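Participant: Got a structure here, written out as structure tokens. Questions coming.
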Amino acid sequence: MEDFVRQCFNPMIVELAEKAMKEYGEDLKIETNKFAAICTHLEVCFMYSDFHFINEQGESIMVELDDPNALLKHRFEIIEGRDRTMAWTVVNSICNTTGAEKPKFLPDLYDYKENRFIEIGVTRREVHIYYLEKANKIKSENTHIHIFSFTGEEMATKADYTLDEESRARIKTRLFTIRQEMANRGLWDSFVSPKEAKKQLKKDLKSQGQCAGLPTKVSRRTSPALRILEPMWMDSNRTATLRASFLKCPKK
């Protein structure tokens, strides 16, 4: 799984995931499924915000090629991936500027067009189950929830999907590609099932001669949100940098 992640995700996303796991004492060589899940969630957050801007008239537009002469503002503020202190600083600044209610938990994005925080979910299970879990945890009508699955399903608060169909289709296609490439490598079952993940982990460690003394239980604890965001993600060049990660994963 680790090799798969390094092959199929943008190196910057991999680096952010590595830093996040290290910060919280998680070993990516053991928690490989978590490593893949963090990378996937972070990529979806960036794909969600990518290409979307607000023009001088306050209208939401899509721009795939940056025009240095255009006075555009990113429609979405990315909160996911920042260190905790900076993330809350950004949230507080948004609340002070817009009058939005401060969320209890750190959200993933802020939508300047709709003036609301957004929580993004990527699930290997039924979308409605994961949506209810998110809603029960957040317990706030002011944070918009949008859930994607690897099967192309999605669910959002009040069926308001925020993005246009083309943008959402791009995210769904990427998730479906990840699923297919995992399946081609025999990794999908272990990614979905903790029981299968345990078997795969023991098999991998045994083949490396590292099985002794290592845990055999796979943690089901939810990973904390990524806390580190490189400055490059917020500049005008992030579109070009991310574009490489939309490509199909290379096959072995």
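Using the three backbone atoms N, Cα and C, a Cβ is placed for every residue, glycine included.
If you look up Swiss-Prot, you'll see Glu80, Asp108 marked as active site, on the strength of similarity to another entry. Summarising the annotation, Swiss-Prot assigns site 'Important for efficient shutoff activity' to Leu28, Leu65, Lys202, Lys203, Lys206. Taken from Swiss-Prot, the feature site 'Important for efficient shutoff activity and nuclear localization' covers Lys195, Lys198, Lys199.
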Participant: Could you round the CA separation between Glu80 (active site) and Leu28 (site 'Important for efficient shutoff activity') to a whole angstrom and send it over?
Facilitator: 19
Participant: I'd like the number of other C-beta atoms within 10 A of the C-beta of Leu28 (site 'Important for efficient shutoff activity'), please.
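Facilitator: Total other Cβ atoms inside 10 Å, all chains included: 19.
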Participant: Whole-number answer please: how many Å between the C-alpha atoms of Leu28 (site 'Important for efficient shutoff activity') and Asp108 (active site)?
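Facilitator: With the alpha carbons as reference points, the distance is 22 Å.
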Participant: Near the Cβ of Glu80 (active site), how many other Cβ atoms are there if near means within 10 Å?
Facilitator: 24
Participant: Note down the number of other Cβ atoms within 10 Å of the Cβ of Asp108 (active site), including every protein chain shown.
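Facilitator: Its Cβ has 26 other Cβ atoms within 10 Å.
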